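Annotated features, as they stand in TrEMBL:
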{"type": "DOMAIN", "residues": "A:9-191", "note": "domain 'UmuC'"}
{"type": "BINDING", "residues": "A:13, A:107", "note": "Mg(2+) binding site"}
{"type": "SITE", "residues": "A:18", "note": "site 'Substrate discrimination'"}
{"type": "ACT_SITE", "residues": "A:108", "note": "active site"}
{"type": "REGION", "residues": "A:376-459", "note": "region 'Disordered'"}
{"type": "COMPBIAS", "residues": "A:409-419", "note": "compositional bias 'Gly residues'"}
{"type": "COMPBIAS", "residues": "A:449-459", "note": "compositional bias 'Pro residues'"}
DNA sequence: TCTGGGGTCCTAGGACCC
DNA sequence: TCTGGGGTCCTAGGACCC
């Protein structure tokens, strides 16, 4: 475990990650504004390239607004397969530094450098971190910002301090002076609501927070949040770097292009989302006892309804059954904007699941305390790859950014589509800027592919 | 400007048990 | 007949993160 007087915690954060992978793989986008996220009507920005940020575009902004701010940016739907490959490469490099790597998302992780070394000092961690950053660049072609400090809190703040492509090491002795003048909003966990509450009560900086009264903070923010924030502000952060945390829930949700009111329509979508959740549970050998649905209404108010079973399940039919019953009790007449299904209270594959797998015919549930509820009344068997007859991606067989290949022109990517046409630019990570061609969107020579292979330059 | 999708953690109240 | 305190589980909602 890390010693709080030694700069042993490293935080890594890939710069504008999704957009950077797109620019790497699409030469025509290098140096240009690129926005990755939901491209349909109700989409929001996941990542904007630094060139796009100049126009005021940032994460979580509605894409419609981003388009007004910068109509000429490239708007791409995202290629998570490609992002996962890169993320893996970076996490592998992190594991070369320490066995204690805690991923926070595809593009962020903590690494406990002190797990394998004693007596770390500022010079040593600087060397380690700079070599790591060079390795990431050579292996993936991307830049990563890194912060190193004695605690998670300070390491994370440090990695953000001089982004992009920067290393900031905070010697423990300088930590307090660094934090004190910063806005309380810089503390991860202090968002819009907590930030406003603090600022309205006169607590603007981390220094102010460190001097605040604990009882007052607890009254304002609750026990856990109040005491934790006060400790952070005073430089106290005992959280260890924890490798491999187990998943606590699995869910799927969808925001519709237009609000829905039709129960059959909603039920069908609920069933498809339950299929996806069940497939993911099955793939990771998990099942769960609590089924939850989420309903966001036309006015953005959000309801959750859940039910805890006597046994754990990963069955699509069973999840659908319970989710459908939960939905039946909700008034949808005014319009549903988003619908979701989740399973929590997870455990490793349960007995019932094994039985169901071994004896698919038998559903008598004799050994089952709960009413197994003879789930699928329609008797219809769920398939994982059901076609999507409607939805926000209606008719959008070609998504912007998608990798494709053409019989005559070779590999490329979709720039845009509509009105029966697809526009493709033919280029890859190691080609010059490519030519553009437009095809009928049912051109038999055009086919989707996986991501292009990025090969690092050899030393 | 009009708000994604995948998660985590916390709080509060009520049921229930000892 | 009235009144305890603590612990756990469940449900619902909300803040927050990337």
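Placement of Cβ uses the backbone N, Cα and C atoms for every residue, glycine included.
Overlay of TrEMBL annotations on the structure.
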| residue | record | Cβ within 10 Å |
| --- | --- | --- |
| A:13 | Mg(2+) binding site | 20 |
| A:18 | site 'Substrate discrimination' | 27 |
| A:107 | Mg(2+) binding site | 22 |
| A:108 | active site | 18 |
Counts by DSSP class (helix H/G/I, strand E/B, coil) across the compositional bias 'Gly residues' (A:409-419): 0 helix, 9 strand, 2 coil
Between residue A:18 (site 'Substrate discrimination') and the residue listed as 'active site': CA-CA distance (Å): 12
Folded-back contacts onto the compositional bias 'Pro residues' (A:449-459), same chain, C-beta under 8 angstroms, at least six residues removed: 24-25, 79, 81-82, 85, 138-141, 403-405, 411, 428-430
Overall pLDDT for the domain 'UmuC' (A:9-191), taken as the rounded mean: 97
Distance, residue A:107 (Mg(2+) binding site) to residue A:18 (site 'Substrate discrimination') (CA atoms, angstrom): 9
